[in-house]
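This report concerns only the one structure given below.
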Amino acid sequence: MTPQKSDACSDPVYTVGDYLLDRLAELGVSEIFGVPGDYNLQFLDHIVAHPTIRWVGSANELNAGYAADGYGRLRGMSAVVTTFGVGELSVTNAIAGSYAEHVPVVHIVGGPTKDAQGTRRALHHSLGDGDFEHFLRISREITCAQANLMPATAGREIDRVLSEVREQKRPGYILLSSDVARFPTEPPAAPLPRYPGGTSPRALSLFTKAAIELIADHQLTVLADLLVHRLQAVKELEALLAADVVPHATLMWGKSLLDESSPNFLGIYAGAASAERVRAAIEGAPVLVTAGVVFTNMVSGFFSQRIDPARTIDIGQYQSSVADQVFAPLEMSAALQALATILTGRGISSPPVVPPPAEPPPAMPARDEPLTQQMVWDRVCSALTPGNVVLADQGTSFYGMADHRLPQGVTFIGQPLWGSIGYTLPAAVGAAVAHPDRRTVLLIGDGAAQLTVQELGTFSREGLSPVIVVVNNDGYTVERAIHGETAPYNDIVSWNWTELPSALGVTNHLAFRAQTYGQLDDALTVAAARRDRMVLVEVVLPRLEIPRLLGQLVGSMAPQ
């Protein structure tokens, strides 16, 4: 869409709001998500008038925050705009999730004018006590940098917050009073400066020496996780894997970080819930490199990992360790490059990875056979093609797909640490806006979708054509598996899912209800052929059936 200059922005004066937008554009932001409110309306005029940034409105602030998160995971930076008080508190859950999962999101809050705040009167959207920094203080717990912009220092403060967001890969908060947004200023004089390299030559040298001694002539095994992606060290990791025959795996959090079609890819490591071949290879490795790994309860089989520190090289954001000896400051990319150099320089080749025993292909289900979890995820996975962006909500969708190998070039997004159900539907909007050339595939349960379903209309308005699989298992199946199998609090109202897109303003779509394998197969075949429109497939599953991996996790679960 081509931005149209608004009447409110016909004044040629360059403002603080323009400065903020130009810095965001410099960092790769071409869309901003949010919800209008009277304290941010004039700033929104500047967004609409900006030559390279486009406004994408959401149905509510929570969904806008989720959309910004999905966008930020693919673009490396994103922004969401809300109004003071009521708007910013509504997006807090999404911002906290971005903080937990290392997603760079800039939260811009339109606030009352400085003069109005100075009166300490009971303004709308405030708590009525004359204190207008309550919510700024709340934001300090879930953002890496905050600023309450003042005219004289606005540019410097914007640069500080954006630099921290870029460096730490976590959200930042900017309180932009409506009069400060309009205040005249000068455009940026130079690109946003980058922090100097954070690697000490001495730390790198000592790390390399210790790694050489530990590795010796052993074959290296690698376990990688999402921080490699967030810290933009994927190329360095791939170079390490190409330096020798290196068996490797990821956690569920880092699924699709590496090419899962590679013969050296072992699978997903989840502690005691892992497939035995994967568990044995990771836990029995002579030397294991853990790159960007964060063990959380839901991706480690409730902390059942058995990793021997004496045989482990751990690569973190700013420090690394060899057999528990810490070396810092040492950036992840530098440590990975050092390991690749060690492997290429030692002049030996490790043996090939032994492939798993060949298993006969599963029998094709009969077309009239009722759907099961295994059938659904097998068929969904077979429908994926390179370039797809797959978002799986935290439930049977996430754990059903975690067990399946993805085609090369597929990006997988979940939220296993924060685990806010409903997240993926608006996040899919953000992902699709970030890369409209890549088809988005959304996998979500009925209970989760009921929380954020309004954004179906946003897909349509933005001209996006996702494939949406809604798992209708009649309520909160994961919760039923954990506790309260027949409890009324795990029940939800049954919706007519195939009629919902029309009710929410979707004008170009197809909708199917699949109860049998044949119906699912037909629906996904049509979805693959019709890339010009949204395709929603409701799949009906038994209310108590869960995927294998989720069953193992639930079985090992203790009260947390």
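Cβ atoms here come from the backbone N, Cα and C positions, even for glycine.
In the three-state DSSP scheme, GLU61 (thiamine diphosphate binding site) is classed as helix. The feature thiamine diphosphate binding site is assigned by Swiss-Prot to GLU61.
Positions annotated as Mg(2+) binding site by Swiss-Prot, on the basis of similarity to another entry: ASP446, ASN473, GLY475. Taken residue by residue with DSSP, ASP446 (Mg(2+) binding site) is part of a helix. A 10 Å cutoff on Cβ-Cβ distances gives ASP446 (Mg(2+) binding site) a total of 25 other Cβ atoms nearby, all chains included.
According to Swiss-Prot, the feature region 'Thiamine pyrophosphate binding' maps to 396-478. For the region 'Thiamine pyrophosphate binding' (396-478), the DSSP counts in helix, strand and coil order read 36 helix, 15 strand, 32 coil.
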Taking the Cβ of GLU61 (thiamine diphosphate binding site) as centre, how many other Cβ atoms lie within 10 Å? 25
Within its own chain, what residues at least 6 apart in sequence put their Cβ under 8 Å from the Cβ of GLY475 (Mg(2+) binding site), listed in sequence order? ASP446, GLY447, ASN490, ASP491, ILE492, ARG543
Around the Mg(2+) site (ASP446, ASN473, GLY475), what further same-chain residues have their C-beta within 8 angstroms of the site's C-beta centre? GLY445, GLY447, VAL471, ASN472, ASP474, TYR476, THR477, ILE492, LEU541, ARG543
In whole Å, note down how far the CA of GLU61 (thiamine diphosphate binding site) lies from the CA of ASN473 (Mg(2+) binding site). 28
Taking the Cβ of ASN473 (Mg(2+) binding site) as the centre, how many other Cβ atoms fall within a 10 Å radius? 22
